[in-house]
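Per TrEMBL, the features are:
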| type | residues | note |
| --- | --- | --- |
| DOMAIN | 103-391 | domain 'Sugar phosphate transporter' |
| TRANSMEM | 99-118 | transmembrane segment |
| TRANSMEM | 130-155 | transmembrane segment |
| TRANSMEM | 167-188 | transmembrane segment |
| TRANSMEM | 194-214 | transmembrane segment |
| TRANSMEM | 221-238 | transmembrane segment |
| TRANSMEM | 244-261 | transmembrane segment |
| TRANSMEM | 282-299 | transmembrane segment |
| TRANSMEM | 319-340 | transmembrane segment |
| TRANSMEM | 347-368 | transmembrane segment |
| TRANSMEM | 374-391 | transmembrane segment |
């Protein structure tokens, strides 16, 4: 079915068919004006800002109506001089939105990579060998800052826990979350960040395994096939890693598995509409619960950690600032991840997530100067390539 559009002034006719609209070649900008131009006949109105052959600017309006008819708008158009200014304002708004999104992604990358590198520095280079206490500091900061962001600043609406059952489900998620973060921090004591990130990239493999074991969810055979390079890449990277440490490797694999388990459990436990929480509200409830789990663990397993930290602070006050800054960064990782998810598409988020790991690897090698091998980098590249294939296969199977 064809639609006729009359563009005035001057009068030109453009035809819209099932194959798509043929617009004027000189049209430069288009803004929806359906709410500005009152006509029951109109289906859509668009303002075109164009220039004629002499370089002078002219304004035209295209009006799409029912098949076989078109209406001409009154001349001169637009009736108000401010319409063109509105277009410029909209374009400026689009530019500022683009800048805001870029700034968000930069903040997300900076906080993610920053907390990872600072964890590595504290636990490995600085000699602060208390990963459970460090994780508890992170969770304490997340508890306080989440409350400020949601209850005071109203960044997102507060969602309440509706039942005791929901609370126990969140507590179970919090426990698995604690294990994944603590194990991840422990692994940084023994492994370089580059190898740590290579192992962490295998999260989709563990997610697929746990989803099958716990929900009997089967993916297409092509999706499972894409996991082969994910695992193969880590095996190659492990064989070529100059700083390989068996205990660190096992702990890092366990952390990656726990991260995947938490993701699958969250989909199972909080699946009903009444129990679903956005990531910021989930953090608001998980973080204090995590502190309750971590406090006795750090007091028992990291004896006199508070006294040792205070003694370190007397000798070097920078440790306090390191811990405060690191803990704040841990919260901003979650905040920026939520905002980036909100302001970008799922595909963009996948691409950014894959690139983030690669950027972290490069930055960590430049800072810590840890030795790397060609075999190790090839293995990591193969893993990342497998993750990209897996994401694409998942998208196509939906």
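Glycine is no exception: its Cβ is also placed from the backbone N, Cα and C atoms.
Just so you know, TrEMBL annotations never went through curation; they're auto-generated.
Put simply, of 99-118, 130-155, 221-238, 244-261, 282-299, the stretch with the most CB pairs closer than 8 A to the transmembrane segment (347-368) is 99-118. Comparing 167-188, 221-238, 244-261 for CB pairs under 8 angstroms to the transmembrane segment (374-391), the maximum falls on 221-238.
In summary, the transmembrane segment (130-155) does not lie against the transmembrane segment (99-118): fewer than three C-beta pairs, each 6 or more positions apart in sequence, are under 8 Å. Below 8 angstroms of C-beta separation, residues 176-177, 179-184, 186-187, 189-191, 195-196, 199-200, 202-207, 209-210, 238 of the same chain, each at least six residues beyond the ends of the transmembrane segment (244-261), sit close to that stretch.
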